[in-house]
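Enquirer: Sharing the feature lines straight out of TrEMBL:
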type: DOMAIN; residues: 42-108; note: domain 'P-type ATPase N-terminal'
type: TRANSMEM; residues: 102-120; note: transmembrane segment
type: TRANSMEM; residues: 302-324; note: transmembrane segment
type: TRANSMEM; residues: 344-370; note: transmembrane segment
type: BINDING; residues: Asp418, Thr420, Asp867, Asp871; note: Mg(2+) binding site
type: ACT_SITE; residues: Asp418; note: active site, 4-aspartylphosphate intermediate
type: BINDING; residues: Asp418, Lys419, Thr420, Glu517, Phe558, Lys581, Arg615, Thr695, Gly696, Asp697, Arg841, Lys847, Asn870, Asp871; note: ATP binding site
type: REGION; residues: 774-794; note: region 'Disordered'
type: DOMAIN; residues: 893-1146; note: domain 'P-type ATPase C-terminal'
type: TRANSMEM; residues: 924-945; note: transmembrane segment
type: TRANSMEM; residues: 957-977; note: transmembrane segment
type: TRANSMEM; residues: 1007-1029; note: transmembrane segment
type: TRANSMEM; residues: 1041-1064; note: transmembrane segment
type: TRANSMEM; residues: 1076-1097; note: transmembrane segment
type: TRANSMEM; residues: 1117-1140; note: transmembrane segment
type: REGION; residues: 1167-1192; note: region 'Disordered'
Amino acid sequence: MDYSVMKKCHDWIYCPVGILPWDRAGIYRVAEIDPFKEERKVKANDREHNEKFQYASNCIMTSKYNILTFLPVNLFEQFQEVANTYFLFLLILQLIPQISSLSWFTTIVPLALVLSITAVKDATDDYFRHKSDNQVNNRQSQVLIRGSLQNEKWMNVRVGDIIKLENNQFVAADLLLLSSTEPHGLCYIETAELDGETNMKVRQSVSVTAELGDPNNLASFDGEVVCEPPNNKLDRFCGTLYWLDRKYPLTNQNMLLRGCVLRNTEACYGLVIFAGPDTKLMQNSGRTKFKRTSIDRLMNTLVLWIFGFLVCMGVILAVGNAVWEREVGSLFQSYLPWDPPVDNFMFSAFLSFWSYIIILNTVVPISLYVSVEVIRLGHSYFINWDRQMFCSQCNTAAEARTTTLNEELGQVEYIFSDKTGTLTQNIMSFNKCSINGQTYGEVMDPVEKQPKRLDFTPFNPLADSDFCFYDEKLLESVKMGDSHTHEFFRLLSLCHTVMSEEKSAGELVYKAQSPDEGALVTAARNFGFVFRSRTPGTITTTEMGRTVTYSLLAILDFNNIRKRMSVIVRNPEGRIRLYCKGADTVLLERLHPCNQELMSITSDHLNEYGADGLRTLALAYRELSEDEWETWSESHRCADRATDCREDRLAAAYDKIEQDMMVLGATAIEDKLQEGVPETIALLSLANIKIWVLTGDKQETAVNIGYSCKMLTDEMTEVFIISGHTVQSVRQELRRAREHMIALSRAKGGGNDEGIGGWAEACFVGNGLKDGQEGDGTTGGGSKQLHCPSFPSSPSNDMDNISGEFALIISGHSLAHALEADMEAEFVLVACACKAVICCRVTPLQKAQVVELIKKHKKAVTLAIGDGANDVSMIKSAHIGVGISGQEGIQAVLASDYSFAQFRFLQRLLLVHGRWSYLRMCRFLCYFFYKNFAFTMVHFWFGFFCGFSAQTVYDQYFITLYNIVYTSLPVLAMGVFDQDVPDHRSLEYPKLYEPGQLNLLFNKKEFFICIAQGIYTSVVLFFVPYAVLSFATQSNGVPLANYQTFAVTTATALVIVVSVQIALDTGFWTIFNHMFVWGSVGSYFTIMFALHSQTLFRIFPNQFRFVGSAQNTLLQPVVWLTIALATAICVVPVLAFRFLKLDLKPQLSDTGEAEANQQVAALGGLAGTGASLRPPRRPGVDPGARTESPGGWTLSLETVQEALFGRRGCASASYCQGPPSDARETPYTE
């Protein structure tokens, strides 16, 4: 091996595999290989030799703990959280008698509860990991040991062992295939666990080991493999086999990776190269990047502010203590001296500071974090349980694969979507084709009379009965023996990687790696060119009823960089021909110059097909002489055997032979839109969500799909096309588009003179589409440009005030320039002013770069949705990733945060679940901070009346139970179940989504309002009882002005006030809300009477000192009058403010609720008919069905489920098929 070159070679490779960890969104770098440190040497059948290198065993361990390490490791992990460390610090302070006014259990009880809940969750998760590990490690495998096959557990398999695999068995480790029961050392595998693809793939052993099928022969095999170190690159392997004084190159085609399943192969043998954690499957099981929501980040900031506020309060009270001890406390020194070690007022103030830090620490409650996680978990279950997001066709339910991003679903501003398989069905059908300048095929139009479907059975008994085609001219051309037509379908039957399985005579089943390939091979099959079988060296077809076997000389693989695939075959007559199919952008430039006229006609056909929304490929061939083949074969063989920069050398060899080809024609495949896509996009657009489609298709196809799915409409003010090939041309087009937008916007606003209008009209020509016109798609750097007088460049704030609907279409080569550092700001400015953006011919890397660009410049919440491996980088880059479980495997799902089966479910995920989650979380946080400030600040006011002695107002047990018993469940119920409007109202009024985008419901302003309300409540709760009880007496004349009566009165008033407040804040009442709100009030009185009872006092006299206080206090009428007065003073201003706000500045949800009530009344005959704000109901929905008002009192669990997931019997498309026809005219109240 030439390591001197290898050490210098840095190979940048595009990785198409979906579950790889991506670097810079789709590109990974092959690290330098140090031959003395990083290479792996494996010797067959020699465990002693291999153990010298201390390679990993095949035992895997995905669990984190065992019985001994669980407690210390889990606690260490939990105390990595700042909040837990903070409360541990407070607990330590409380153990110091000189500064602690509270018992240690007031902090340790909630802290222990939080740690216990988290520990139980972690232990449960790890238990299932242990269970899964044990199940896998104890699987049985046949290992060749000392010349005989023995059953061994997977965990006991070692590097260098030879394993026998049988049909339908999982591969135990990463193996080098040595031999197989199939001819030529072939075997077939399924890689669903690796990349989600269920189609079979072929692997082949090295020819020199293919005959070692007998265990006796394999026992004497002593070859040595030198290969790359363990890595996560599923699609490549580089190594060399040394045996019998010769060396043989090894590639990925010789490897069987752990997680694969052996199919349609009786048995095979493999040499273990990587085991256990070194296997590529385990190397790819790294942790996904942790995503945090904007509310999380804001909450962390607010907690720091609260802590700063806590310190300030501690300082104020400590200063007060110093002043009081100096001026007043000194007078009591003779009979009330300071406790040791206090010897002066300054040290007393220092201790007082820490005492108040302990007492006031509840402004940062530990239960906040646990409550947030519980609420998010509940929201995730609601998504999983939503029957209207269940796809019955593929039996797939929606799945929330994370619990941390639910509320961010209610704040999305930009959606980045793949096209194929995401907006479309990814079920391909051969629709049109162009052969030798003649076009064939017809696109079905449901409005016109349906043409007659061709019957291929009389002509071809091997035809697929499900294949549909309607143009009889093409079939006649095949029957008449047209050479170009035959060559066209011969190419389709040979140039592919499809596997064929013949279940019975004439019953062929094709297994293709992509739906496109399957559709093309099926088309060739029906037109008489039937692919039958393949071996490593041959392809067998049936051509017009005659069996023909071609020698397969070479396969030039497809990848996303080459965008083409070729095969070189020798026909039975000995003629050698290269067949190539690929994207027209790369294939047409490799044609022979004599093809100019035919290439021009074919290009026109390709543009027509693209305009119809069809997926196109160009086809070409080249005749090769024996000398050309031999010369190229030798260079290809050298490149294939190279140990350094192998991919680059192969690509260069491929490019060399794929030149001077003759064009055959083009294919057009139809990929229909999914159900409900146009309605979903229209509805999301009304919610002020901007949708960008990032596709690898050509411009014409993307534009047509844009119109089909309502992204582009004839009513749009302008559709701009950016297609320059140079940096300068792209910059000019972007600037002219920006100036054009500003001019049209000013003209539309009426604030411009005639000159600006004329300028706008002059600028219109040549840079866009209007009135549904389509661009030719061929303009580039020399394309038709805007020829107009120069217009002064406007600042970015002019773009923010753009009126009118614009769209932008940009090609991949233009996008590459637009993403450059000096032009990205210009691109973002123009693109973000558009309602829709379509990027054509983009690579997976560019998809991720576009997402990162918007995250960088707009600070908006982004969502990426896709279904294939090429979408993974985009999904991981966005704030929220959504995977569609479609036809391209589950790579996108594995990398996503949420997944479902149909694009139309996205509207329900965002407009219903996302909006509800955001609303609930915001209301939860506002109330949580309010109730804790109302509770804690009473201590602050009390400090001024107790000589700043750090005395608590409440009983220590009340302090302990306030956040974990008395007030925790009501706010949890609100955070989990609350609604402002039902689900169908959220879909009917998409503008309801905008508060989340603008972050209106919980921000720094709302936080300070909550804090102000909490401080106001604390003032009332302290000073009203203080003022009343100072002069109140019992019926027997005994004064009520004592500490315990004041504590009970204040605590009772607090519980009642916060309970009434949450009753006012709750917008949707369920049985759980009633149970938790009124149950919490009842539990307060029950627990308080129990804690103040004689029984507990007799048992623990030093702990329960409020004996009899509750009974004595609450028997006094003046106490209840005081509580009622405090409650009224706290609640009445809130009610008055809300009524005024509802009357003067109502929200859209308030208007929608009022309108719903009016409609219910009108339908019931209680009110007259009148104009309705709400669009008409969708078909299939009972207009007289009872609608629960969000403020109604509903005690039925069935009603809760109905409101959460829709009405019973409601089809998936009933409420969520999209906006009503008059949605644009619906007036909204801001």
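The backbone N, Cα and C atoms fix where each Cβ goes, and this holds for glycine too.
Have a look at these and tell me how they're positioned relative to everything else.
Expert: In this view, Asp867 (Mg(2+) binding site) is surrounded by 33 other Cβ atoms within 10 Å of its Cβ, with every protein chain counted.
Take the CB of Asp418 (Mg(2+) binding site) and look out to 10 A: across all protein chains shown you find 30 other CB atoms.
Long-range Cβ neighbours of Arg841 (ATP binding site) (same chain, at least 6 residues apart, Cβ-Cβ under 8 Å): Thr585, Thr695, Gly696, Asp697, Lys698, Gln699, Ser811, Gly812, His813.
Counting only same-chain residues 6+ beyond the ends of the transmembrane segment (924-945), those with a CB under 8 A from a CB of the stretch are 295, 299, 302, 313, 317, 320, 356, 359-360, 362-363, 365, 368, 371-372, 375, 951-954, 962-963, 967, 971-972, 974-975, 1002, 1006-1007, 1009-1011, 1013-1015, 1017-1019, 1021-1023, 1026, 1050, 1054, 1057-1058, 1061-1062, 1065.
Here the transmembrane segment (957-977) has Cβ contacts under 8 Å with residues 102, 105-106, 109-110, 113, 362, 365-367, 371, 374-375, 378-379, 920-921, 923-924, 927-928, 931-932, 935, 1047, 1051, 1055, 1058-1059, 1062, 1065-1066, 1068, 1070, 1072-1073, 1075-1077, 1079-1080, 1083-1084, 1087-1088, 1091, 1200, 1204 of the same chain, all six or more residues outside its ends.
For the transmembrane segment (1076-1097), the list of distant contacts is 955, 957-958, 961, 965-967, 969-970, 972-973, 1048, 1051-1052, 1055-1056, 1059, 1062-1063, 1066, 1103-1111: same-chain residues at least six beyond its ends, Cβ to Cβ under 8 Å.
Here the transmembrane segment (1117-1140) has long-range neighbours at 1013, 1016-1017, 1020-1021, 1024-1025, 1028-1029, 1032, 1040, 1045, 1048-1049, 1052-1053, 1056-1057, 1060-1061, 1064, meaning same-chain residues at least 6 beyond its ends whose C-beta is under 8 angstroms from one of its own.
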Enquirer: So if I draw a 10 Å sphere around the Cβ of Gly696 (ATP binding site), how many other Cβ atoms end up inside it?
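Expert: Looking across every protein chain shown, the total is 23.
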Enquirer: Taking the transmembrane segment (302-324) as reference, which of 344-370, 1007-1029, 1041-1064 has the most Cβ pairs under 8 angstroms?
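Expert: Stretch with the highest Cβ contact count: 344-370.
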Enquirer: How many Å lie between the Cα of Thr420 (Mg(2+) binding site) and the Cα of Arg615 (ATP binding site)?
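Expert: If we compare the Cα positions of Thr420 (Mg(2+) binding site) and Arg615 (ATP binding site), the gap is 10 Å.
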Enquirer: Please report, as numbers and ranges, the same-chain residues at least 6 past the borders of the transmembrane segment (344-370) whose CB is under 8 Å from any CB of it.
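Expert: Same-chain contacts beyond the ends: 81, 83-84, 86-87, 90, 93-94, 96, 98-102, 107, 110-111, 113-114, 117-118, 303, 306-307, 309-311, 313-315, 317-319, 321-322, 325-326, 329-330, 338, 928, 932-933, 935-936, 939-940, 943, 948-950, 952, 959, 962-964, 968.
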Enquirer: Compute the C-alpha separation of Asp871 (Mg(2+) binding site) from Arg615 (ATP binding site), stating it in Å without decimals.
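Expert: The Cα atom of Asp871 (Mg(2+) binding site) is 18 Å away from the Cα atom of Arg615 (ATP binding site).
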Enquirer: What is the separation, in Å, between the Cα atoms of Phe558 (ATP binding site) and Asp867 (Mg(2+) binding site)?
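Expert: Just about 20 Å between their Cα atoms.
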Enquirer: May I ask for the distance between Asp418 (Mg(2+) binding site) and Asn870 (ATP binding site), taken between their Cα atoms and rounded to an integer number of Å?
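Expert: That comes out at 9 Å between the alpha carbons.
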Enquirer: Among all chains shown, work out which of the binding-site residues Thr420, Phe558, Arg615, Asp871 has the most CB atoms within 10 A of its CB.
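Expert: Result for the most crowded candidate: Asp871.
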Enquirer: When DSSP states are grouped into helix, strand and coil, how many residues of the domain 'P-type ATPase N-terminal' (42-108) land in each?
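Expert: Going through the domain 'P-type ATPase N-terminal' (42-108) residue by residue, I get 31 helix, 2 strand, 34 coil.
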Enquirer: At the Cα level, what's the spacing in Å between Arg615 (ATP binding site) and Asp867 (Mg(2+) binding site), rounded?
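Expert: Arg615 (ATP binding site) and Asp867 (Mg(2+) binding site) have their Cα atoms 17 Å apart.
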Enquirer: Let's check the environment of Asn870 (ATP binding site): how many other CB atoms sit within 10 Å of its CB?
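Expert: For Asn870 (ATP binding site), the count of other Cβ atoms within 10 Å is 26.
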